[in-house]
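Record features, source Swiss-Prot:
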TRANSMEM  3-23  transmembrane segment
TRANSMEM  25-45  transmembrane segment
TRANSMEM  73-93  transmembrane segment
TRANSMEM  95-115  transmembrane segment
TRANSMEM  124-144  transmembrane segment
TRANSMEM  150-170  transmembrane segment
TRANSMEM  184-204  transmembrane segment
TRANSMEM  207-227  transmembrane segment
């Protein structure tokens, strides 16, 4: 059965994401953490392109969705969990192993839930923090420590706790913004230009601030909604 060559194009981005994820694992296993971490960030870019290319070329398919999920497990599940383990987790023996394994398991659950709820969920938000965002937050911590050296003693335990938190957030019902259907205007265009300029000047710091704000936004929004629900219940009681 002949295959439309256009269908190969978005899947090429997905395959490239798997390749970078595997390269990240290889670099992490040889303790070249900076390269390993930036390869995960590069995988994030490819992950953002494959779906958009598929929609632009009208080549979305069930195979592409499943292939993308498998790629995400490798690039954003296995790769960052092994980076975290080889960087800090091994100091804690089986606890470090368990934390790294749980991150992958929660990420896989997050992806499976996303795949079965794609047609029914809110197109403007994700349920649970996306696994690519969680992965990038992990590797940004490693990159920041490689530059500023803040992971020492008890802060290493905090790093492992942070990884567990990210795993829980992936399978939670906390909603996070989905940037797939952004309505562009002049104000947003200017903000994106400013952000890209900051990334050009200080890529690590700019990405860390942006991802940190993204993480906190979902939690604060959830807390606000919980307080609002409790207030409304008390008011009606």
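Including glycine, each Cβ sits where the backbone N, Cα and C put it.
Predicted, not measured: the structure shown is a model, and the values here were computed from it.
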### Query
Who are the chain neighbours of the transmembrane segment (184-204) in space, where the CB to CB distance is under 8 Å and they lie at least 6 residues beyond its ends?
140, 143-144, 147, 210
### Chain residues outside the transmembrane segment (25-45) and at least six past its termini with a C-beta under 8 angstroms from it
17, 75-76, 78-80, 82-83, 86-87, 132, 135-136, 139-140, 142-143, 146, 207
